[in-house]
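Single-structure report; data block below.
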Amino acid sequence: MLPQRPQLLLLAGLLSLQSVLSQECTKYKVSTCRDCIESGPSCAWCQKLNFTGQGEPDSTRCDTRAQLLSKGCPADDIMEPKSLAETRQSQAGRQKQLSPEEVTLYLRPGQAAAFNVTFQRAKGYPIDLYYLMDLSYSMVDDLANVKKLGGDLLRALNDITESGRIGFGSFVDKTVLPFVNTHPEKLRNPCPNKEKECQPPFAFRHVLKLTDNSKQFETEVGKQLISGNLDAPEGGLDAMMQVAACPEEIGWRNVTRLLVFATDDGFHFAGDGKLGAILTPNDGRCHLEDNLYKSSNEFDYPSVGQLAHKLAESNIQPIFAVTKKMVKTYEKLTEIIPKSAVGELSEDSKNVVELIKSAYNKLSSRVFLDHNTLPDTLKVAYDSFCSNRVSQVDQPRGDCDGVQINVPITFQVKVTATECIQEQSFTIRALGFTDTVTVRVLPQCECQCREASRDRGVCGGRGSMECGVCRCDAGYIGKNCECQTHGRSSQELEGSCRKDNSSIICSGLGDCICGQCVCHTSDVPNKKIYGQFCECDNVNCERYDGQVCGGDKRGLCFCGACRCNDQYEGSACQCLKSTQGCLNLNGVECSGRGRCRCNVCQCDPGYQPPLCIDCPGCPVPCAGFAPCTECLKFDKGPFAKNCSAACGQTKLLSSPVPGGRKCKERDSEGCWMTYTLVQRDGRNRYDVHVDDMLECVKGPNIAAIVGGTVGGVVLVGILLLAIWKALTHLSDLREYHRFEKEKLKSQWNNDNPLFKSATTTVMNPKFAES
């Protein structure tokens, strides 16, 4: 029984998905009250003795409350456990913004238990603020101003709370290429101006633990020097992960935790480490050594989702103080990281104090109610009832904006189990605040029935009565423990109740009693289940006109098939045994070219209903009937000697009949026969009417054809020779005329111009002088 404590508030948490009138109980293989409760949120169990009749299964006891009452089950005998919620309020004297402190839920599968959570924003709640600054060279002006901020930051916190503390940390990037220049000289002084004193690059340095000493803040921050790196994105997510993962080193208290992230550029995230050959995923653990993140070159950057989970787990609210050009980038980041804000930082960070105050007021005035990770068997939904009259229903987390100090808001939390669960707990909290609600979850799957009875008259003295059902002793089975197993196992007994080695006993519609199926009595009116394996019934047959087998007048259903009365036929007894609609004018059923089914012709392929007379796509059988036509009409052809036997199915008509098919084919002598085919009832049965006259064409004159062909060839040859001779003569004549013209043009004398004398005379000039 559920514990009864006067100091606990008991809330009924049944949240049905449908109204009572539309509730249904879908049950399958139900034999106990627990099985029934697990079947659905609307199922109830009747524990009344002898509630089930002969052949009725124990699952009859499982139904909706309304159905059980209508079947005669007394209301006191109906077992219907409900999901419940018990809450314990916060202890007096403790400042709590979230109540109640503890909730115990008893969950029935499919039914939700609901309870209210109240949040009241307190004034002056303690705050820890950690200032995380980008020390890349582009932030040189900002560092000079931040060094003077210690007193202003604490004064700003004291305006909000009586207990405020501040801390400081800085970051640059991983110290490998391509993120920083790894040249030894550049590692000593990464700044572009060599005259400027800079510190070597680093991933994250924890400078000052959270403190309320503003002088110490200014002293420690004043010692910081600017640094530098190569690429534009910085290693800020690496630093934020260490701030969240190292609570003892940072000095976080269990109060409101703010992380101010100041930068003028973007950020590296998971996967970027591969550029520097860093392949190991970020493990989300603390790796500070001497206040330095020395393992940064061993682990990749964290993903945004991983960082968001770690910040929420550590209850840290980030405030991104970024320059104007980066505001939109970090606004996208706040959509993924809950309870985070963005503020526009001036170029020299002079407005950082006002930025933090504005962001804190924005964060603290919005409340997100959420829970830690749950198994798939538990579902949680939130209804938010905010002070500004805004309501949200069935959301994955509670959400209220514009929450004012000391003005309570209410969230209704609904928890549903999808099955009978093990005892477990989970925590609900308002993100960014320290208070939590512990929820303890217990299963509500057992029925508180009357105590078990060993009444011999009910269970034959061989078992006990539990929730109206006999639980038999070893060696006995049956509804009233009437069957003795004689040492046989239940598997052996059930084997004879399975059809064709099926895994379902008695087709799922009966109980195996002493190795035989006892079929259930169906909930469906007039339905009877029968058969050796309860495989048959009288309703699962084809229907006609909305009735099984067309109704009792047409036929009855026997084990899935209709048995029709004498006047009807068909798979659903939908047809009258008549052929009137299938007879043609000659009284032949479907013209002999089909079968009559349900008084409608089912024609042979090609023929068309309603009477299978026409076959538009069938080939004309003219050529096939040409031999019979020739022998019947002209007593000649290939069938002339046995015409009556070969053409007995074809009748010769003396006069033409309209509507026949005209044919024109050659006979055995080459003459054309013209005849008309008229189809009779049946396939390939025709009458034929033949024209009296044949069209015989005289044969060709072979001698004339041959003589003409030879003569034509000879004449063509002679003509071609004459043409060739004429062309040759014309060509020779043209050449002769050209020769005559050339001869007339020549100027030759009697000497041959080509002749050269064989003697040469040479005159000596000196001979003449002498």
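Keep in mind that glycine also has a Cβ here, set from the backbone N, Cα and C atoms.
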Candidates Cys514, Cys517 - disulfide partner of Cys506 as recorded in Swiss-Prot: Cys517
Candidate cysteine (Cys598, Cys603, Cys622) that Swiss-Prot pairs with Cys612 in a disulfide: Cys603
Same Mg(2+) site per Swiss-Prot - residue from Glu38, Glu220, Glu234 joining Ser136, Ser138: Glu234
Of Glu56, Glu347, Glu354, residue recorded by Swiss-Prot at the Ca(2+) 1 site of Ser138, Asp141, Asp142, Asp264: Glu347
Ca(2+) 2 site partner of Asn229, Asp231, Pro233, Glu234 (as recorded in Swiss-Prot), chosen from Asp173, Asp290, Asp300: Asp173
Densest Cβ neighbourhood among Asp173, Asp231, Glu234 (binding-site residues), 10 Å radius: Asp173
Gln23 (pyrrolidone carboxylic acid), number of other Cβ atoms within 10 Å: 17
Rounded distance in angstrom between the Cα atoms of Glu234 (Ca(2+) 2 binding site) and Gln23 (pyrrolidone carboxylic acid): 59
Spatially closest candidate among Asp173, Asn229, Asp231, Pro233, the listed binding-site residues, to Gln23 (pyrrolidone carboxylic acid) (Cα to Cα): Pro233
Densest Cβ neighbourhood among Asn229, Pro233 (binding-site residues), 10 Å radius: Asn229
Averaged pLDDT, computed only over the residues in the topological domain 'Extracellular' (23-701): 87
Shell list (Ca(2+) 2; ref centroid = CB of Asp173, Asn229, Asp231, Pro233, Glu234; cutoff 8 A): Ser136, Val172, Phe179, Val180, Leu230, Ala232, Gly235, Asp265, His268
